[in-house]
Amino acid sequence: MDNSNQTVVVTGFEPFGEHTINASWVAVQELKKLGLGKDIDLHVYEVPVDYQAVQSLIPSLWKQYHPQLVVHVGVSGMATTVTLEKCGRNHGYKGLDNSRFCPHSQCCIEGGPDCIDSVIDMESVCKRVTASGLGIAVSVSKDAGRYLCDFTYYTSLYLSHGHSAFIHVPPIEKPYSGVDLGRALQAIIQEMLDMLDQTEEKIHCQCVH
C-alpha cells in the first residue's frame, strides 16, 4: 500500500413514494460532515430513483474516481436497524421508478450472474461495529429488495468485481436521527476499509513470498 489517500464514494437516493425526505441522503450528508479520516477522500452523490439514470451514473462514478470502495445507502420503510446487504440480485425488477419506468427485461445486466456477493464480510463488519458500543443496532441481510436499491447494488458489484457495499437505513426518527445514521455510516465504512486493507496486505504478502 502506498501513502496516497484512498478514495471512497458514498451515495444516497432522492425522495420517492412515501419517502418525501429520504433518510439515506440525509444520512450521507451527515457522513460528509463527519468525514472518514484525513487519509480518505470522500465523495457523496444523490442518486435518482430511476433505472436508466442508475445505468449511466454508476459506471461514471467508477470511471471518474477509481475508488477503493463505493458504498450505496438506501432507505427501507420496514427496517428498524441499520442493515448491511451481503449481495445484489440480477432479476425480478418489476417496480416502477420515479419516471414510471421499469426495465423490459426486469434485470440489471443481461447475461450477468443471478447474484453477486460483496467481497466484504458483512457478518464480521456487523460484529465489529456492534462490539464498538456505537449504540445503534446493526444487522445483515441477503435481500436488498428488488427495487432501485438492489438494482444499484448489483450494477456496482458487477462493475467492481464485488468491491461495493450497500447499507439500508430506517426512516428518520424510526428510531434514529440523521446524525445517528451518519455516525453509523462512518463507523461501518471505516470497518469496511480496514477489512479491505487487511485483505490487500495478505495478498501482497503472499505475492512477496
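Using N, Cα and C of the backbone, Cβ positions are placed for all residues, glycine too.
Here is what TrEMBL says about this protein:
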ACT_SITE  GLU85  active site
ACT_SITE  CYS149  active site
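In sequence order, SER118, MET122, VAL140, SER141, LYS142, ASP143, ALA144, CYS149, TYR153, ALA165, PHE166, ILE167, HIS168 make up the list of same-chain residues 6 or more apart from GLU85 (active site) whose Cβ falls under 8 Å from its Cβ.
There are 24 other Cβ atoms within 10 Å of the Cβ belonging to CYS149 (active site).
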